[in-house]
Amino acid sequence: MNKTEDINNGQHGEPRKFDPAFKGPIHNRHCTDVVCCVIFVIVILGYIALGTVAWIHGDPRKVAYPTDSYGQFCGQHGTPNANKTLLFYFNILKCASPAVLIKLQCPTTQLCVSKCPDRFATYIDMQYSYRSNKSYWEYYRQFCKPGFNNPRKSVSEILRDEDCPSMIVPSRPFFQRCFPDFTTRNGILTVANKTTFKDGKGKTRNVTELRQAANGINGVLDGREVGMKIFEDYANSWHWILIGLVIAMLVSLVFILILRFTAGVLLWLIIFGVIGVIGYGIWHCYWEFSTLRGRPGADVTISDIGFQTDFRVYLQLSQTWLIFMIFLCITEAVIILMLIFLRNRVRIAIALLKEGSRAIGEIMSTLFYPIITFLLIAVCISYWAVTAVFLASSGESVYKVMPAQPKCIYANLTCDPNTFNKTNVTKVCPGSQCTFAFYGGESLYHRYILVLQICNVFVFLWLVNFAIALGQCTLAGAFASYYWALRKPADIPQYPLFSSFGRAIRYHTGSLAFGSLILATVQLIRIILEYLDHKLKGAENVFARFLLCCLKCCFWCLEHFIKFMNRNAYIMIAIYGKGFCTSAKEAFFLLMRNIVRVAVLDKVTDFLLFLGKVFIAGSVGVLAFFFFTRRIPFIQEEAPSLNYYWVPLLTVIFGSYLIAHGFFSVYAMCVDTLFLCFLEDAERNDGSEERPFYMTTSLKKILKKQNPIPY
């Protein structure tokens, strides 16, 4: 067996042996996980077919436009309702809640109108006024059924056939629906400055009954007004927001580039700062303990006073400060001991952080690769959303019997609005309506809409995880090319990022799809568990909820573990070009052989990058705060006039954090790749002329190793 075979077939836990043919990322590759690649391509074609079928059967107008009682769209071009964009309810008092209104499940006739009524009126009053002025009928008839033009029809017949509403109330549009125009004057609820109204049946009713029928609508309308102000603020400040985000991008870039000079100083300052803060805490606790020890009543133990909701009670006991002091002393001792015994590993972590900054400086194009990942994910989200909408709007109009009385044997049964008045339903259940309920059907396609929606979500998760995996593998290949260049930057290949992207797509689509499939499956299970937990919130079965909580916790841990292993497996794939399972196994055992180094580097990197994100978002946020509140004198007049200055401020802060996260995700991938390459380098090579180290001089000094000096 030659040396290369010995490497590939060695035991799992043994260090990797020298391979004379290895000079960095393998270029002579073969396709990996071909079966999964074929399945992935078939699934994508099936996903396209699913979107096509949904496009054929679906109609997004059913989501965009409100629908009247006859399943016709309000405001749809090319229909009789083209100019009637609003939905009007004949008797809104029959609607129990806003949720009923939005779902169109209200047992009253719903009609498309061009505008909402702006006055109180009843059909009886209209008939009385019609004798002297026919204009009353012309106004009232626009809220009656199309084609009805008989103002002399009796009130009882009108109410029986629901040709016209028995009353109209001043309303305003909300979500393209007419809701009562509520206002509050001196703490009293009114509609058009009135507190009472006639219901068209001879009764005088209070406006609060309208409020009960449309409970919560007024609050939502106020929210809409706030939303309009927020939109106005965005319109006035969007260019300043973009400037703030560009500043965040530049600061993120500069921060990464200067980490090579400041990583060590920054980290040691933070470490010694934490030690100093804890030391001050120990002194303060001792001072409080000494002060309270001789005071009457302070020597009572915590167990004697039991549980108290006021935490200040415990601060008056000397035992509390003694416990705090002991806890801080233990923490201080642990940190100091860890620094003493792990100082070399901390130095390795700092050296790798500096080297990561150098690598990015040599391959600057990697900083902009997240844009490609963002675009791929945006395409996936858009396709998923459009497919979901078309699936949800598939089917024909389904009508249900909506009874006016609680007890009706025909309630919720399907009906035909064209023949409803001729059936026995109106006699058995007076006042019932055949109202549009939803879109559906009885075909095989319509019966499996829910299954298709689940498939849509699953493939969406798979594609999103694949886009992320492709980015990780591409970046890993580029940074591995940097590490395995013996003479940097002379030996770095041209266009390392483009070459790595081509290798990942050409040879390892199946491996990336395999890892993404595992992660997507776990994420789908988590979504299902969250759905079940939502459904069981009101359940009294404590054991079922406890079991569900345990399952959620286990799958959360499993998802994060898989993400960690996938990330390192993609790095190994980028370097050696092996399949997913082999790469994951080798990455796992390599990390397990260096578990302490892994833990130290992971925490140090996470901590530094978190501080960087907070620093960038905070600094840009402070600058934005002073600008939008007009506290910078020389550009005070340039600040836009705003309703809420916190709208652009929060947008800038959140956007800056996301931009910093995008840049630092590249940096984190760079450090992780260099770390695995460093571990491989330390195990493969010994510093001889035949097997020189590829690591930097600083890392060799830490490990007390060196390459032979060429003569």
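Glycine residues also receive a Cβ, built from the backbone N, Cα and C atoms like all the rest.
Annotated in TrEMBL:
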TRANSMEM  34-56  transmembrane segment
TRANSMEM  238-258  transmembrane segment
TRANSMEM  265-283  transmembrane segment
TRANSMEM  321-342  transmembrane segment
TRANSMEM  363-386  transmembrane segment
TRANSMEM  459-486  transmembrane segment
TRANSMEM  507-529  transmembrane segment
TRANSMEM  541-558  transmembrane segment
TRANSMEM  607-628  transmembrane segment
TRANSMEM  649-669  transmembrane segment
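It is 238-258 that, among the stretches 34-56, 238-258, 321-342, 459-486, 507-529, forms the most Cβ pairs under 8 Å with the transmembrane segment (649-669).
Using a Cβ-Cβ cut-off under 8 Å and counting only residues 6 or more beyond its ends in the same chain, the transmembrane segment (607-628) has close neighbours at 237, 240, 244, 247-248, 251-252, 255, 259, 263, 266-267, 270, 353, 635, 639-640, 642, 645, 648-649, 652-654, 656-657, 659-661, 664, 667-668. Counting only same-chain residues 6+ beyond the ends of the transmembrane segment (507-529), those with a CB under 8 A from a CB of the stretch are 29-40, 454, 457-458, 461-463, 465-466, 468-470, 473, 548, 551-552, 555-556, 558-559, 562-563, 566, 569-570, 573, 577, 579-581, 583-584. Listed by sequence, the residues of this chain that lie at least six past the ends of the transmembrane segment (321-342) yet keep a Cβ under 8 A from its Cβ atoms are 271, 274-275, 278-279, 281-282, 285-286, 288-289, 292, 315, 596, 600.
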